[in-house]
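Annotated features in Swiss-Prot:
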- 21-32: disulfide bond (DISULFID)
- 26-40: disulfide bond (DISULFID)
- 31-66: disulfide bond (DISULFID)
- 50-74: disulfide bond (DISULFID)
- 68-81: disulfide bond (DISULFID)
- 1-18: signal peptide (SIGNAL)
């Protein structure tokens, strides 16, 4: 029972301290993520878990993870950010 109470406390604290997001509230370099609570999350860097751009819910938020930073792509084989090898340099 104590573990459950601690878990609830942590979730409430996380939702209190996380920047709540909605229409255009998240700043540059972030996206709005719905899980575990609706909050702004940083865009993915190399090897972070990611969602592809445009894979949002009906509310326009990303379900679990943000897309990758500019210059990276979300590899659908393992859902992580990788260097975009299609860029011409």
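Yeah, the Cβs are placed from backbone N, Cα and C, and that goes for glycine too.
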Of 21, 26, 66, 68, which disulfide-bonded residues are close to residue 50 (disulfide bond), meaning a Cα within 10 Å of its Cα?
66, 68
Measure from the Cβ of residue 21 (disulfide bond) and count the other Cβ atoms within 10 Å, all protein chains considered.
20
Just to verify a number: CA distance, residue 31 (disulfide bond) to residue 74 (disulfide bond), in angstrom, no decimals.
15
Among 32, 40, 66, 74 [disulfide-bonded residues], residue with fewest other Cβ within 10 Å:
40
Just give me the nearest neighbour of residue 81 (disulfide bond) among the disulfide-bonded residues 26, 32, 40, 74, Cα to Cα.
74
Run through the Cβ atoms and count how many others sit within 10 Å of the one on residue 50 (disulfide bond).
27
Restricting the comparison to the disulfide-bonded residues 21, 26, 32, 40, 68, which residue's C-alpha is spatially nearest the C-alpha of residue 74 (disulfide bond)?
68
